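Residues or ranges marked as domain 'Lactate/malate dehydrogenase N-terminal' by TrEMBL: 25-167. Residues or ranges marked as NAD(+) binding site by TrEMBL: 31, 32, 33, 34, 35, 36, 37, 57, 116, 139, 140, 141, 250. Sequence annotations record features per position, and here TrEMBL assigns substrate binding site to 103, 109, 141, 175. Residues annotated as domain 'Lactate/malate dehydrogenase C-terminal' in TrEMBL: 169-335. Per TrEMBL, the feature active site, proton acceptor maps to 199.
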Ligand code: NAI
């Protein structure tokens, strides 16, 4: 017979166990050996909401996993070689995909389509098989097309839930805050900018007028700032001179978005961030997907916010975004249809 205090201790222990069991979150990184994948894995290893990290790549994932696993946080880490994709996905709740080739100088994100479309399709098919209820976070470019490819692949497999597929556009949001802070001298925390549309050039639409600091930026400074937010990725591609595109800032942005999703999944209220998702906001214009502020919750997408009030300049930016974005989405859909 247990004493009353021992029984109380046991019951509190089992309560703790069941609440932590409910919070088990296994996260997979597909493309973990790459320029983004490695620092992203490092950052996710430090996230307390991640209980287990599953690292997969066609090259080098076990090595990255062994390295990252020595970091003194609670989560366990396992690396999987090329032939163990399905094993890597077992029990996974969140799959982050930075697999694929990056840009070289002179390339647009669309130039990556031919290589990355099939990589992303095959990885999505594996997720449909081995982790059909997972949330998919797509980093691989061109995001405007890879998100439709992933969605169509999941549809074909009969496991599509639009609340669980996200194009990661967080780097545009991160850049917008940083670049606006450089122009105004204000702290980046006070320069949060909602960026809507898609993730490439003219489809990236920063809504500077909706922030106190952004509203004050006018004329040539405004034009240059918008251009820098839209084409900031080119600065990195040029500076790396053939060695790839943004990896460290992208890993930071990818970890930031993953953390937002994990907080939403764990029941935190009011987690709102821009992301490229299935959206009806511009359905009339023929767009199936659009990035706007999205509230994240226990099921993924909880609520899609409208774009809100736009300045005359932003109306023009949006008008330029929509046809380009539509073409990118259609290209992804067409690829998926013939696959
Ligand atoms: P990287 O070439 O350094 O790494 C890509 C990794 O993917 C490599 O380790 C490669 O072995 C792996 N990989 C290739 N095929 C695979 C497959 N079938 N399964 C698993 N892994 C596979 O490239 P980096 O710089 O890490 O960029 C990755 C992608 O992220 C590119 O498409 C790039 O354009 C995109 N990107 C997206 C951004 C965004 O804002 N969403 C920003 C920057 C880059």
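Quick reminder: no glycine exception, Cβ is built from N, Cα and C everywhere.
Positions of TrEMBL features highlighted on the structure.
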| residue | record | DSSP class |
| --- | --- | --- |
| 31 | NAD(+) binding site | coil |
| 37 | NAD(+) binding site | helix |
| 103 | substrate binding site | coil |
| 109 | substrate binding site | helix |
| 140 | NAD(+) binding site | coil |
| 175 | substrate binding site | helix |
| 199 | active site, proton acceptor | coil |
| 250 | NAD(+) binding site | helix |
Next on the checklist: Around residue 109 (substrate binding site), which of the listed recorded positions (33, 35, 37, 199) come within 10 Å, judging by Cα atoms?
Outcome noted: 199
Checklist entry - To the nearest whole angstrom, what is the C-alpha distance linking residue 116 (NAD(+) binding site) and residue 175 (substrate binding site)? => result 24
Checklist outcome for this item: Same-chain neighbours of the substrate site, Cβ within 8 Å of the mean position of the Cβ atoms of 103, 109, 141, 175 and not counting those residues, run in sequence order as 102, 142, 199, 200, 233, 237, 245, 246
Checklist entry - C-alpha of residue 31 (NAD(+) binding site) to C-alpha of residue 141 (substrate binding site): distance in Å? => result 13
Item to check | Cβ neighbour count (within 10 Å, all chains shown) around residue 199 (active site, proton acceptor) | outcome: 29
Checklist entry - Can you tell me how the residues of the domain 'Lactate/malate dehydrogenase N-terminal' (25-167) break down into helix, strand and coil by DSSP? => result 64 helix, 26 strand, 53 coil
Checklist outcome for this item: Rounded Cα distance, in Å, between residue 250 (NAD(+) binding site) and residue 175 (substrate binding site) is 10
